[in-house]
Amino acid sequence: EAINQGMDEELERDEKVFLLGEEVAQYDGAYKVSRTYYMSAGLQPVPIVFRGPNGASAGVAAQHSQCFAAWYGHCPGLKVVSPWNSEDAKGLIKSAIRDDNPVVMLENELMYGVAFELPTEAQSKDFLIPIGKEGIECEVINLRTIRPMDIEAIEASVMKTNHLVTVEGGWPQFGVGAEICARIMEGPAFNFLDAPAVRVTGADVPMPYAK
């Protein structure tokens with residue numbers, strides 16, 4: 001409902017905003033779209049948002065349970081966001097629609113049916129969550145945006161706590177957690193670690209079927 005509310009408000013705000021569904025547009029139209037804005041030095045904006053379920057879900061097994069965060073986050077020119085709660089979902093979908101770059105919004109299908117309290121601030125039509133900024137609660141960093149990644153916030157947390165644990169639903173090899181660990185190793189926060197960084201990931205196997 002938060003995603004729908006965000007889209008409804010943006011459709012009402014800007015007459016140029018519209019929706020397209022699967023296989024209703026001309027074939028091949030979306031290919032290579034991610035580089036257009038960058039390659040034109042910002043002269044040709046590509047304000048398009050791709051929404052879709054991401055990660056494990058009940059009863060869909062290996063065919064439909066992949067985590068695409070690392071896949072899309074690997075592509076220069078794309079912005080990748082991943083909301084956790086209703087506040088994230090509404091604020092990020094509105095920011096994504098207003099962005100001049102193509103944005104991929106990865107939505108956890110298990111969260112669609114979960115009720116979250118929506119703060120009064122988030123109920124405003126002007127509510128936005130900036131892409132590229134994390135959410136922090138008790139040193140738990142809700143990354144929200146996969147690309148661009150707010151590495152400065154992660155570094156600040158490591159320098160404060162002297163520890164790093166990454167948690168993701170995707171596979172361990174070449175994942176988002178691996179990227180975070182690599183950036184910490186390459187940056188100023190590495191010398192603040194009191195212990196090796198730890199990654200918590202999905203198992204390195206296709207997702208089994210379960211209801």
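Quick reminder: no glycine exception, Cβ is built from N, Cα and C everywhere.
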Item to check | Residue in Ile48, Ile146, Ile151 which Swiss-Prot records at the K(+) site where Ala96, Ile97, Asp99, Asn101 also bind | outcome: Ile48
Next on the checklist: Taking every protein chain in this structure into account, which of the binding-site residues Ile48, Ala96, Ile97 has the most other Cβ atoms within 10 Å of its Cβ?
Outcome noted: Ala96
Checklist entry - When a 10 Å sphere is centred on the Cβ of Asp194 (site 'Important for interaction with DLAT'), how many other Cβ atoms does it contain? => result 9
Next on the checklist: Neighbours of the K(+) site Ile48, Ala96, Ile97, Asp99, Asn101: Cβ within 8 Å of the Cβ centroid, same chain, sequence order.
Outcome noted: Pro47, Val49, Lys79, Ser95, Arg98, Asp100, Pro102, Val103
Checklist entry - Which of Asp99, Asn101 (the binding-site residues) has the most other Cβ atoms within 10 Å? => result Asn101
Checklist entry - Measuring Cα to Cα, how many angstrom lie between Asp99 (K(+) binding site) and Asp194 (site 'Important for interaction with DLAT')? => result 39
